[in-house]
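Trainee: Per TrEMBL, the features are:
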{"type": "TRANSMEM", "residues": "B:6-26", "note": "transmembrane segment"}
{"type": "TRANSMEM", "residues": "B:33-50", "note": "transmembrane segment"}
{"type": "TRANSMEM", "residues": "B:56-76", "note": "transmembrane segment"}
{"type": "TRANSMEM", "residues": "B:88-110", "note": "transmembrane segment"}
{"type": "TRANSMEM", "residues": "B:130-148", "note": "transmembrane segment"}
{"type": "TRANSMEM", "residues": "B:182-202", "note": "transmembrane segment"}
{"type": "TRANSMEM", "residues": "B:222-244", "note": "transmembrane segment"}
{"type": "TRANSMEM", "residues": "B:256-276", "note": "transmembrane segment"}
Amino acid sequence: MLLEVNRLEISYGDVRAVHGVDFVVEEGELVSIIGANGAGKTSILNGLMGLVPARRGSIRFHGQEITAVPAHKRAHGGIRLVPERARVFPRLSVFENLLTGAYGLRKKIDLDGRLRWLYELFPILEERRDQPAQTLSGGEQQQLAIARALISDPRLLLVDEISMGLMPKLVDQVFDLLQSLNRDLGLTILLVEQNARASLEISHRAYVLETGSVVMEGPAKDLLNNPDIRKAYLGLAREEEAKRQ
Amino acid sequence: MNAYVITVATLVAIQSIVACGLNVVVGYAGQISLGHAAFFGIGAYASALLTTKAGLTFWTALPLVIATTGLVGLLLGIPSLRVRDDFLAITTIGINFIVEAVFLYIPFFGGALGIGGIPRVTFFHVKMKGLPYLILCLVFLLLVLLVCRWFTRSWAGLACFALREDETAAASMGISPVRFKLLAFVLGTAMAGLGGALYAHFMRFISAGDFSFPVSVMLLSMIVLGGMGTLWGPVLGALILVSLPELFRPLLEIRFLLYTLLLLVMIRFQPGGLLGEASLVRRILSRLVPGKEAPR
């Protein structure tokens with residue numbers, strides 16, 4: 001088991017955002033957590049990364065208890081986050097942004113090789129290599145955020161609302177990319193998304209989160225065909241009713 | 001060069017060293033500090049006490065002075081781990097007042113009389129004053145600039161920049177906020193300590209008022225004016241802010257009015273500082289050297 005989360009609870013002051021959720025991610029899986037705005041998806045990812053403390057419960061990564069480990073140590077352990085809205089370092093160049101992702105890993109990874117591979121994956125980043133990241137478009141910043149996480153050769157990639165603010169064509173591209181990273185390179189990915197359909201289509205399994213609790217889980221295919229999910233998250237119920245009439 | 005010009009130039013060099021230190025904390029690591037004069041003072045008092053009371057020479061005292069200031073910087077940098085932005089600014093102001101009060105009210109530090117009779121720096125039995133002392137200060141300034149240049153190109157520098165831009169994102173990239181904030185504080189305050197030592201042996205008499213809060217404001221103004229986070233910004237800022245009041249001296253009463261006006265114009269039209277990104281000076285420089293980035 002790569003990631004094992006037990007009864008994880010996260011609160012901000014008196015407000016509980018996550019009420020004791022359980023989930024697991026196996027090595028090589030692509031798992032998504034879907035849910036509406038405010039369901040606690042981002043809180044879960046921030047809790048996994050160590051950016052917000054867990055109120056209760058435990059997080060085990062590779063069999064090791066990491067619940068109390070600070071974020072930067074989790075990053076060194078191989079967990080990397082592609083944050084919501086990219087959060088690239090605005091005044092640093094694209095190249096410097098990429099280097100931050102490799103911080104402390106000089107000896108462990110083949111930096112030049114990783115850079116070459118990333119530039120192949122995202123040619124625009126090589127073109128904009130010396131530009132400050134704030135001059136990039138939203139889509140380019142998302143690519144940079146993914147590349148910055150990938151440069152470290154992570155064991156678990158956490159992806160937060162990658163589709164937010166991207167135009168539909170780019171959303172498809174990004175999801176294709178995540179799928180191929182998982183399928184072809186065996187990268188384990190935990191995806192958190194509002195765009196339920198796109199994420200279910202590429203996932204092996206999924207969890208449905210409602211106001212801080214997991215209300216449903218199962219293989220992504222089953223969830224895609226589940227009438228309740230279709231109604232609540234995929235907006236398909238009305239079309240089908242119209243067809244029936 | 002006449003003695004007056006040498007005196008002003010020496011003060012510019014010393015203030016540049018201190019401002020470079022502040023630039024490491026504020027410009028590189030993004031931790032606002034309005035109490036930098038405290039560390040300038042700690043360096044000056046440490047060197048003054050070690051040479052007058054403990055009988056050390058400037059040269060044997062200097063490593064101790066720099067280490068002491070850096071160590072105090074480390075301790076007083078700890079608040080920056082808990083508070084940010086305007087709260088950190090207020091905390092550092094508090095540190096400045098406390099340090100000043102310690103110098104003023106504890107008899108060991110000379111109290112209101114300050115410390116006098118600080119010996120001149122000797123170099124191979126030659127007492128350094130005037131031009132030789134200016135050259136000594138410039139050599140130290142050069143060393144400080146080299147350290148800054150090395151730092152901005154190192155992994156530690158990159159980590160500090162990332163921290164300045166977005167602390168949360170930096171932590172999730174594996175950069176420890178604690179370690180690099182403290183590193184910036186130690187490096188920045190150690191530079192202030194060096195500046196303080198040079199100041200003490202130049203003035204040969206120091207008192208608590210030399211290191212009060214307005215001095216911190218002046219130091220921050222220097223790096224804002226010159227260009228925060230740039231290599232030469234603090235030097236340019238120190239040059240302008242130390243020499244302008246001197247240049248305006250014939251204007252008597254209105255010189256501070258002009259001085260203030262200049263600062264306001266700067267903030268309005270060149271908020272990134274004279275050497276900051278997209279500033280007038282940098283645009284001209286990059287036009288003079290086509291195809292190449294202007295130096296930072």
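Positions of Cβ are set from backbone N, Cα and C atoms, glycine also.
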Trainee: Determine which residues of the chain contact the transmembrane segment (B:222-244) at the Cβ level, with the cut-off under 8 Å and only residues 6 or more beyond its ends counted.
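Mentor: Tertiary neighbours of the transmembrane segment (B:222-244) are 8, 11-12, 15-16, 19-20, 22-23, 26-28, 141, 145, 148-149, 152, 164, 259, 262-263, 266-267, 272-276, 279, 295-296.
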Trainee: Count the CB pairs under 8 A between the transmembrane segment (B:56-76) and each of B:6-26, B:88-110, B:130-148, B:182-202, B:256-276, then give me the winner.
Mentor: B:182-202
Trainee: Six or more residues beyond either end and a Cβ under 8 Å away: which residues meet both conditions relative to the transmembrane segment (B:6-26)?
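Mentor: Residues 32-33, 36, 39-40, 130-131, 133-134, 137-138, 140-141, 144-145, 148, 151, 184-185, 187-192, 194-196, 198-199, 202, 219-220, 222-223, 226, 228-230, 233-235, 237-239, 241-243, 246 contact the transmembrane segment (B:6-26) from elsewhere in the chain.
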